[in-house]
């Protein structure tokens, strides 16, 4: 009985051993787990170290990567967000600067929707604008008589933007800029007439940093003199553009510029056919310039033109008696100036914001149907940003520029609404284009398939008939 039982027991044991041996040969990855088959670690004891297989090595902790070759991290491209850089060293320090001679492919251009100064909050419109105010598309006829007029407000990034206009636009006949010359020749294709009125093309033809009041009364006459007499019968469109900047940053930048010796004393300030008298526009300093002026001294001058400069340069000054402060009371004057500046800014063909360089580029390109060669660069470090002021000084600057603060909030809201509206229209056109392409592809396939089916049927019929004849 015992012998028969041992025979029956021996067969399953041998079979089990055979299966275990075969399993070890067939499954090499099981080596580590099968070596201690049947041995379980006691409570509180760590089991034998297992060698991670290829499939589990990716999930292994870092200390188990010793035998795995460490590859260098992949190269990272330029970030889509803010790009800090030192302020460009030039006469007018500006936050944005074109990258000269650098031409990127289309897919490498920075996304204009990406945040430029850190994480931006979700945009919520504050002002109600009509569809006409938000839609900006200019049928700019560069081969005709149309002219772009750049209103350059001090310390708003105008020097950089002006260089973009003469050196960075893709044109049939680019502007000719020679080394050592401050002005470029921007002629229309096949003509010796200029299409751009700016510091770097025509110079300060209407005075140094001429404002809206001066330009609108001066530019038409200047352009008629420069133009050929035979073209005077044709109509001409003037498209005014400008740049705005955060009032506190702009004010500090102007203070630093004046501190280095800038005066702009040759500005004409023409209004109603004359310049202001010394009593109407006194100076803040007795000497040739205001070099070394402190911020407190700069703010204490009540007739400092830096105060509310953006509103004054965009408003129609003839509405308030020009620089004659006795023409009306101060409250009424401020109300009229602010409203006039808002209306003129809204009716301009284009305006950009220094703090949003890429969105400025995007809107300009869509407005005038012109493309820039190199993308705009956002500089976050300027001389103004390096100035450390306390909260009291900042509040004082905001109070001195209370009109500019209101204008900038209005301008920023209009700018953002125009940008989002333009992006939305562009997305709609792209979707419509894709739908049209898919529809054409379907029609093309539908036209091809019946012909192929018909040809196949004809071939079968012909073969059958020929076989019948043969039979």
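Just so you know, glycine gets a Cβ as well, placed from its N, Cα and C.
Features of the protein shown, as given by Swiss-Prot:
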type	residues	note
BINDING	152-160, 245, 253, 377-379, 383-384	3'-phosphoadenylyl sulfate binding site
BINDING	182, 183, 199, 204, 209, 257, 264	substrate binding site
COMPBIAS	88-114	compositional bias 'Acidic residues'
COMPBIAS	423-454	compositional bias 'Basic and acidic residues'
CARBOHYD	117	N-linked glycosylation site
CARBOHYD	128	N-linked glycosylation site
CARBOHYD	231	N-linked glycosylation site
CARBOHYD	324	N-linked glycosylation site
CARBOHYD	329	N-linked glycosylation site
CARBOHYD	380	N-linked glycosylation site
TOPO_DOM	1-4	topological domain 'Cytoplasmic'
TOPO_DOM	28-471	topological domain 'Lumenal'
TRANSMEM	5-27	transmembrane segment
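For the compositional bias 'Basic and acidic residues' (423-454), DSSP puts the residue distribution at 32 helix, 0 strand, 0 coil. For residue 199 (substrate binding site), other Cβ atoms within 10 Å of its Cβ number 22. Neighbours of residue 154 (3'-phosphoadenylyl sulfate binding site) among the recorded positions 128, 182, 204, 209, 324, 329, defined as a Cα within 10 Å of its Cα, are 209. Looking only at the topological domain 'Cytoplasmic' (1-4), the predicted model's pLDDT averages out at 60. When every Cα pair among 182, 183, 199, 204, 209, 257, 264 is compared, the largest distance found for this substrate site is 22 Å. Considering only the recorded positions 128, 152, 156, 253, the residues lying within 10 A of residue 199 (substrate binding site) on a C-alpha to C-alpha basis are 152. For residue 158 (3'-phosphoadenylyl sulfate binding site), the count of additional Cβ atoms within 10 Å of its Cβ stands at 23 [all protein chains shown]. Cβ-based neighbour count (10 Å, all protein chains) for residue 257 (substrate binding site) stands at 20. Close to residue 264 (substrate binding site) in the fold, though at least 6 residues off in sequence, lie 154, 208, 209, each with a CB less than 8 Å from its CB.
Ranking the recorded positions 128, 152, 158, 160, 182 by the distance of their Cα atoms from the Cα of residue 324 (N-linked glycosylation site) places 152 first. Remark: of the binding-site residues 152, 182, 183, 209, the most isolated position is 182 (fewest other Cβ atoms within 10 Å of its Cβ). In the three-state DSSP scheme, residue 160 (3'-phosphoadenylyl sulfate binding site) falls into the helix class. Between residue 378 (3'-phosphoadenylyl sulfate binding site) and residue 329 (N-linked glycosylation site), the C-alpha separation comes to 41 Å. Among the recorded positions listed (156, 160, 253, 329), 160 has its Cα nearest to the Cα of residue 183 (substrate binding site).
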